[in-house]
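Trainee: The structure that follows is given in the form of structure tokens.
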Amino acid sequence: MGARASVLSGGELDKWEKIRLRPGGKKQYKLKHIVWASRELERFAVNPGLLETSEGCRQILGQLQPSLQTGSEELRSLYNTIAVLYCVHQRIDVKDTKEALDKIEEEQNKSKKKAQQAAADTGNNSQVSQNYPIVQNLQGQMVHQAISPRTLNAWVKVVEEKAFSPEVIPMFSALSEGATPQDLNTMLNTVGGHQAAMQMLKETINEEAAEWDRLHPVHAGPIAPGQMREPRGSDIAGTTSTLQEQIGWMTHNPPIPVGEIYKRWIILGLNKIVRMYSPTSILDIRQGPKEPFRDYVDRFYKTLRAEQASQEVKNWMTETLLVQNANPDCKTILKALGPGATLEEMMTACQGVGGPGHKARVLAEAMSQVTNPATIMIQKGNFRNQRKTVKCFNCGKEGHIAKNCRAPRKKGCWKCGKEGHQMKDCTERQANFLGKIWPSHKGRPGNFLQSRPEPTAPPEESFRFGEETTTPSQKQEPIDKELYPLASLRSLFGSDPSSQ
């Protein structure tokens, strides 16, 4: 960061930090904006050291300005940052970004007027293209500088890392600024993989070339001396034209920008490829119940860039779908902001929604609205703290106990109604589930059989002689008594009917 921070000196840095991002806004430029700009320039294969001088900033602005119409918001922010930095280097007093852009536009208009005046003075009315990579040498001839390996490497790396995501299109537009059809074909030929996408791109180029030939038929008759032939669709695509012919068309008066035309065809094909590689529709982008609003906005705008629609339609999608497809928590907040809220206000308002702090606040608000204590106890599901309603044993009414009863004292036991004892000494027992008093002290309880079943077989003594009939019956009693001891039966049921 030290190297990037050395772009401005002490006094220049103070001026930098006083310039506002927006007219009338509170936010001002910081050192982090310079660090971000230098990193973005490295992504675009541009030397960040150019930021240290005003001339370097002017060169960068000249490269970025043609791409502002088709570039992304990041590219526009980079252009604005470098424009303000240029004004600081030039010691031009500006208060905000808009004022810096106006100063640069005014300076560019002055330089154009000077160039036109100089051309009029020298009698040269032809306007010659000075776009890189076609430059004018010392002899005044227009020569072509081949595209650098560094630019090709940056393009290949973008395709390998991003595949064909929406940000590939502005990157291609920036790297191919002012390129000839031969340079554009070199960039396309360096793409090793994604041959299916390359085949789709070739088909789109062939369709556009055929449309060009249909709209621009060849004029009959010979070509006048000193005149160039009109380019066909295949000439624009660089397949049937030489580099010298391409330079001639681009520098002719009036010029035929074959490079820009071919570049427009390629971008049209890239848009189709991006749509194929991004099959998700903007209508399917919805915020998850626990997804941060910032991540949802990132997914939304990434998918929106792949949509093939006009800017008016995209603005309508942003205003409508961004709020409509948010989760219920964020949707409530966004609707409260109103339709005129900016994206910055939305992200600030929805920051932290879905986290533990937000859930705690929602729960606290819900609990504060509940004022009935009985409702709180029902929500907790805990009934142990609820008091049972008391009932007086003397008068039978609820709300007080017998000790505090004002009615005449009832005589006798409060349980059975008999006199001679109190309720604590009452011997009456409650009825069991069969409706009978238990234990009854009258034999077995009610859920036992009250009589034994009689055997259906004939008695044993009918099969024996007279002298042996009395012996088994005498021995049967002690056996029964040993099997069912009276002590254990009394402990369970009170008394045994066999002992009675």
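Backbone N, Cα and C define each Cβ position, glycine as well.
The feature asymmetric dimethylarginine is assigned by Swiss-Prot to Arg387, Arg409, with similarity to another entry given as support. For 7-31, the entry in Swiss-Prot reads region 'Interaction with Gp41', with the evidence type experimental evidence. What Swiss-Prot records for 8-43 is region 'Interaction with host CALM1'. Feature annotation from Swiss-Prot assigns region 'Interaction with host AP3D1' to 12-19; the stated evidence is experimental evidence. The region 'Interaction with membrane phosphatidylinositol 4,5-bisphosphate' annotation in Swiss-Prot covers 73-77 and rests on experimental evidence. What Swiss-Prot records for 106-128, 438-482 is region 'Disordered'. Feature annotation from Swiss-Prot assigns region 'Interaction with human PPIA/CYPA and NUP153' to 189-227; the stated evidence is experimental evidence. Annotation comment: Swiss-Prot describes 217-225 as region 'PPIA/CYPA-binding loop', evidence class similarity to another entry. Residues or ranges marked as region 'Dimerization/Multimerization of capsid protein p24' by Swiss-Prot: 277-363. Marked as motif 'PTAP/PSAP motif' by Swiss-Prot: 455-458. The zinc finger annotation in Swiss-Prot covers 390-407, 411-428.
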Trainee: Which residues of the chain, 6 or more past the ends of the region 'Interaction with membrane phosphatidylinositol 4,5-bisphosphate' (73-77), have a CB below 8 A from one of its CBs?
Mentor: 40, 64, 67, 170, 174
Trainee: Mind giving me a neighbour count for Arg409 (asymmetric dimethylarginine)? Other Cβ atoms within 10 Å of its Cβ, every protein chain shown.
Mentor: 9
Trainee: Taking a Cβ cut-off under 8 Å, which residues six or more beyond the ends of the zinc finger (390-407) line up next to it in the same chain?
Mentor: 414, 423
Trainee: In terms of Cβ proximity under 8 Å, which residues at least six beyond the ends of the region 'PPIA/CYPA-binding loop' (217-225) contact it?
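Mentor: Tertiary neighbours of the region 'PPIA/CYPA-binding loop' (217-225) are 232.
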Trainee: Per DSSP, how many helix, strand and coil residues does the region 'Interaction with human PPIA/CYPA and NUP153' (189-227) have?
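Mentor: Across the region 'Interaction with human PPIA/CYPA and NUP153' (189-227), DSSP assigns the residues as follows: 22 helix, 0 strand, 17 coil.
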Trainee: Mean pLDDT across the zinc finger (411-428), rounded to an integer, is what?
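Mentor: So the average pLDDT across the zinc finger (411-428) works out to 79.
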Trainee: On the three-state reduction of DSSP, what should I expect for Arg409 (asymmetric dimethylarginine)?
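Mentor: Reduced to three states, the DSSP call for Arg409 (asymmetric dimethylarginine) is coil.
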Trainee: Residue counts in helix (H, G, I), strand (E, B) and coil for the region 'Interaction with membrane phosphatidylinositol 4,5-bisphosphate' (73-77), per DSSP?
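Mentor: Across the region 'Interaction with membrane phosphatidylinositol 4,5-bisphosphate' (73-77), DSSP assigns the residues as follows: 5 helix, 0 strand, 0 coil.
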Trainee: Can you count helix, strand and coil residues in the region 'Interaction with host CALM1' (8-43) using DSSP?
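Mentor: Output for the region 'Interaction with host CALM1' (8-43) reads 20 helix, 2 strand, 14 coil.
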